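According to Swiss-Prot, the protein has these features:
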CARBOHYD  ASN33  N-linked glycosylation site
CARBOHYD  ASN108  N-linked glycosylation site
CARBOHYD  ASN157  N-linked glycosylation site
CARBOHYD  ASN238  N-linked glycosylation site
SIGNAL    1-20  signal peptide
Amino acid sequence: MHLIDYLLLLLVGLLALSHGQLHVEHDGESCSNSSHQQILETGEGSPSLKIAPANADFAFRFYYLIASETPGKNIFFSPLSISAAYAMLSLGACSHSRSQILEGLGFNLTELSESDVHRGFQHLLHTLNLPGHGLETRVGSALFLSHNLKFLAKFLNDTMAVYEAKLFHTNFYDTVGTIQLINDHVKKETRGKIVDLVSELKKDVLMVLVNYIYFKALWEKPFISSRTTPKDFYVDENTTVRVPMMLQDQEHHWYLHDRYLPCSVLRMDYKGDATVFFILPNQGKMREIEEVLTPEMLMRWNNLLRKRNFYKKLELHLPKFSISGSYVLDQILPRLGFTDLFSKWADLSGITKQQKLEASKSFHKATLDVDEAGTEAAAATSFAIKFFSAQTNRHILRFNRPFLVVIFSTSTQSVLFLGKVVDPTKP
């Protein structure tokens, strides 16, 4: 299973292509006196676990907002990519803008310090980028900076040290060259899965921040391609589509039918440190399940599915498909607490003192492919549950109607991708 996800954040004037020298402003004062580099290199335990609850809360708040506005549509995004990008941006935000970003991401700054937040992301990104058997996860960021603007050394140093961001200085007036530079970098880092991410840029942009996630994982129990056949998928009461349906009927899996909620939950493992939860609402109950989809509910299901009595032999039917999601974040995030960031009231003076910056446009794109071997990009899958007669007592799971999917990093307790598959034939 492979996952790829990209986020492009454009701040007013943030980009250009040239081979000139990058001007770093050493004399300017940052709005924060704390040294994230020194703080983050110390610490004990697993700092990423401290930020996991807030990251999960943001994931489900973002999902609920999208789902409420686009009923009947596929959804797919990487909350981790969005959170990491904006947490990095907060290094250059000051006063109310900095607190709005961090609190908008779900962090309670009276319980968790800013240094704890950045330490958590540093540990999280480092852990996810470690090589693993059968699992490849790559998370990265890049800053494309105008060579005509002087950037504060502390902001650049912290983004490189904490978020391992790569810096590119460019001539922003060379629009064609700048777009080519960004797209070539994204294409390379995403193994060719995302091409032509940027099609146009305004010349008042001074910086572009790009964050991406590439996730490629193999099923712990793969499907056999010769057993994949066309089957019906019931989008709604009036729409049925044909999809290539994979089959697995000799394996045991972790699944349950929730006795308190109208849904079934399946957990499937990938090789390495990742797992996926497929949540199948009963017919007509999708909205009811979406309303109770919280970090606490996900942990409840996860804890239940550790019990041996939920490990059962299944006849499993899962569609082979590709979906994607694209979101204009500057229209979404203000409703999640980022009230001033995309306005003239934004304070990004921790990036440069030379001139005032505003966040102009922010985009997020995620793609997912699911096949017999695993998944590429971000993943979502749907299934229905059905039982044979009492005489056979055999369990069948059919992913043949809309469902929810959560891809999860076990060691960091992080939601990597979250989505809903309504129509697996729609990209």
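Note: Cβ is positioned from N, Cα and C throughout, glycine not excepted.
Ranked by Cβ neighbours within 10 A across all protein chains shown, the glycosylation sites ASN108, ASN157, ASN238 are led by ASN157. If you measure from the Cα atom of ASN238 (N-linked glycosylation site) to that of ASN108 (N-linked glycosylation site), you get 45 Å. Rounded to a whole value, the Cα-Cα separation of ASN157 (N-linked glycosylation site) and ASN108 (N-linked glycosylation site) is 26 Å.
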